[in-house]
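One structure below.
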Amino acid sequence: MKFYDLMCKAAQDVGLELSKEQYEKFIIYKNLLQEWNEKVNLTAITEDEDIIKKHFIDSIKAFKRDEFKEAKTLIDVGTGAGFPGIPVAIMNENIQVTLLDSLNKRVNFLNLVTEKLGLKNVVAIHSRAEDGARQKNLRESFDIATSRAVANMSVLSEFCLPYVKINGHFIALKGPAVEEEIKDSDKAITTLGGQLLDICEVEIEDTELKHNLVVVKKIKECPKVYPRKAGNVTKKPIK
């Protein structure tokens, strides 16, 4: 019951309630993650307690921003093993979640999780971020683009902002020290049609971890030249 209590507390902290049914979905998800991780490299975090805190609770804390409660559509860019997209879909079944990843094996895992958990509000797409943003049905189509991928804000902005509708939001789940990174990404955010709105600190229950939600509002259309071709985004970030 320790994990259930921890997750309930985390959910309450962001104005949500975790039902037993939702908790059971998280446990099935955890078991699948551990099982698949033995054959596909999904995560370096493999212990029960670490998965609960560093993956599940960390993802649930995104709901500290009301945008995650109010949005109808969300894309999780470079979702990997499904964070934060799948936890968001479990906690809010009214949001349509698109999971985007460049590795087909991970997409197969995500499809299995979606099926086993009975998530009707999730679809997984196999694509690089740069390529997906050129598709008409995906470009500037989402209320929220989010990412917990390990890349700096300049790179993430070019990966994510092209997916966001005007007046929608790009919300990055980042680590504890983001000030310098934000400063360096100012030009990228502006160039891509965004405006920095807020940096929101979150704490992870029963740990000393502190993370940040970096919130960028999409205020104008993203120029058609972005995102650039695969490789250019990471090699030559907009500065």
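Here the Cβ of each residue, glycine as well, is placed from N, Cα and C on the backbone.
According to its DSSP assignment, E130 (S-adenosyl-L-methionine binding site) is helical. Cβ-based neighbour count (10 Å, all protein chains) for E130 (S-adenosyl-L-methionine binding site) stands at 20. Marked as S-adenosyl-L-methionine binding site by Swiss-Prot on the basis of sequence analysis: G78, F83, A129, E130, R148.
Around the Cβ of R148 (S-adenosyl-L-methionine binding site), the number of neighbouring Cβ atoms within 10 Å comes to 22. Summarising the S-adenosyl-L-methionine site geometry, the residues cited as binding it (G78, F83, A129, E130, R148) extend over a maximum Cα to Cα distance of 19 Å.
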